[in-house]
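Feature annotations, courtesy of Swiss-Prot:
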- Gly369, Pro370, Thr371, Gly372, Ala373, Gly374, Lys375, Ser376: ATP binding site (BINDING)
- 18-303: domain 'ABC transmembrane type-1' (DOMAIN)
- 337-571: domain 'ABC transporter' (DOMAIN)
- 23-43: transmembrane segment (TRANSMEM)
- 53-73: transmembrane segment (TRANSMEM)
- 127-149: transmembrane segment (TRANSMEM)
- 153-175: transmembrane segment (TRANSMEM)
- 247-267: transmembrane segment (TRANSMEM)
- 280-300: transmembrane segment (TRANSMEM)
Amino acid sequence: MRLFNQLKWYFIKEWKRYLGSIILLIIIAFLQLLPPKIIGILIDLIIKEKMSGFEILPWISIILLIAIIVYILRYLWRILLFGASYQLATELRVKFYSYLSKQSEIFFLKNRTGDLIARATNDVDRVVFAAGEGVLTLVDSSVMGISVLIVMITQISWLLTIISLIPMPIMAILIKKYGKKLHDTFRNAQSAFSLLNNQTQEILTSIRMIRAFGLEKNQLKKFNNIVNDTGKKNMEVAEIDARFDPVIYLSVAFSNLLAITAGGWLVWNNTITIGKLTSFIMYLGLMIWPMLALAWMFNIVERGSAAWDRIHSIINQNLYIEDGKKTIINMNGKLNINIDMFFYPKNKKPSLKNIYLSLNPGKTLGICGPTGAGKSTLLKLIQRQFKIHKGEILYNSSSLLELKIDYWRSKIGVVNQTSFLFSDSISNNISLGKPKASQKEIEKAAKLADIHKDIVCLPQGYNTQVGERGVMLSGGQKQRIAIARALLLNTEILILDDALSAVDGKTENNILKNLKKWKDKGYSLIIVAHRLSALIHADEIIVIKEGTIIQRGNHEKLIKEKNWYKSMYDHQKIQTEIENF
């Protein structure tokens, strides 16, 4: 029942739908009380020979009319109630996605994709089912049960009613006991389903790698273990679930036995008539649904409550990155980076230390260094993916902490080494951040990224479908489409995180020439590269090693110093000459 309190915010919001449903249900309950009463009166009249068969027909017609009206009202009631519950599904999923979109990278490091998908789909469905069927069952069984109970006590016999309901307290105690067990067991089952969902997602994503390494049997064994564990936990839920029905049916059977035995004795003593006993048995039949519904409601509500706990545990987490309130009107500002110390969560060793540099509008900053030196970490801090422990990053003399996250990220375009493309057309992938972009704008961005000539050679040109994650394209083509996508946004700062690694030297040179024309308009460019040829024309290059800057200057200055940059540049130059030989 805790779930109804947890969802009261939605019930208040949709109070008109729920109030309308309750009013219709009260009318339905009143109408359903009439047939047993009518039949009881008719039986007594027939026994006393005060009514002929012909005179019964109008009363039968009334009973049929009541049945038709009840059917129509129940139809309207369900439309109102389930319409509200389906709207809840939409709101919960939008709220869930909205929360995820505001989270930083650390959140996704802690939470698996498959688990988040399970919470956004399966768990939401359980909550919605409880908010629909659960509310329906609660209100229906409560109104009907109370109404029937009042009629049985006031119109027939309070003594017979009390005797017939002796099994009910025992049933209520058992249902409550099983309900608590069901809540805990179902939550474990949902966690197992999340793990299964995540494993399925990982297998489907990496199926080509699994085949390439011949890991089919190994992955099948691993997947089979997870499936069996999930099935075992679901079986535990089913075992507890199976205890509800026997309790209900035994209680109902015992109630009927007591009603017939005690009712027969009351008729024998002329306390009630046969017609009233018949009405009582029919009313007791109407009580069966509330009793069955009570157990079923506890079942689905406990499942819904467990699912809500899983959803709420995600959306109730505090945001790791707090949003600022400031925006800057002036365009093309100066970026100042002053990082004294940065640690990744749970790491004792700093990932970055003593990083101090500036980037003026229209300039290019090159970043290089050994693998794992902290280059991508620096870019993540510029994007506000993590908090800086000591130090700050300024834009136009304003700390990034003061700026609204959405505003700041609209100022920067980022292209990563692994480019993600959606299963859509090339045109739609390029215009992802600017859906209303004209074809001319899309082609202009594609030309800057040196991908236009490749696109026009495809059978469907810009309308070519790239497949899931761009599987129909080469690595270099995907990178260039991602660059075009970022260029289309005309952001003040463009960040290329080793985004030229999959293109050949000639294509790289063409892109860099185009980017030089682009940044001359006042835009800033940050290039992270392992291939140092991409950094030759940068205004400043920094070399990061073990989280700190060990060299800085332009290309001409750095190749004169005997250090990491010159050593790596000479090595790559010789390697290129050998490849071209």
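Cβ coordinates are placed from backbone N, Cα and C, and glycine is handled just like the others.
Using the Cβ center of Gly369, Pro370, Thr371, Gly372, Ala373, Gly374, Lys375, Ser376 for ATP, the list of other same-chain residues with Cβ within 8 Å runs, in sequence order, Thr377, Ile544, Lys545. Counting residues 6+ beyond its ends, the transmembrane segment (53-73) has Cβ neighbours under 8 Å at 24, 27-28, 31-32, 34-35, 38-39, 42, 46 in the same chain.
Within the chain carrying the transmembrane segment (127-149), a Cβ under 8 angstroms from the stretch's Cβ atoms is held by residues 3-4, 7, 10, 18, 21-22, 25-26, 29-30, 32-33, 77-78, 81-82, 84-86, 88-89, 92, 161, 165, 283, 286-287, 289-291, 293-294, 296-297, 300-301, 303-305, 307-308, 311, all 6 or more beyond its ends. Sparsest Cβ environment among the binding-site residues Thr371, Ser376 (other Cβ atoms counted within 10 Å): Thr371.
For Gly369 (ATP binding site), the same-chain residues 6+ apart in sequence whose C-beta sits under 8 angstroms from its C-beta are Lys375, Val543, Ile544, Lys545, Ile550, Trp564.
Residue density at Lys375 (ATP binding site): 23 other Cβ atoms are found within 10 A of its Cβ, drawing on all protein chains shown. Around Gly372 (ATP binding site), taking its Cβ as the centre, 12 other Cβ atoms fall within 10 Å, counting all chains.
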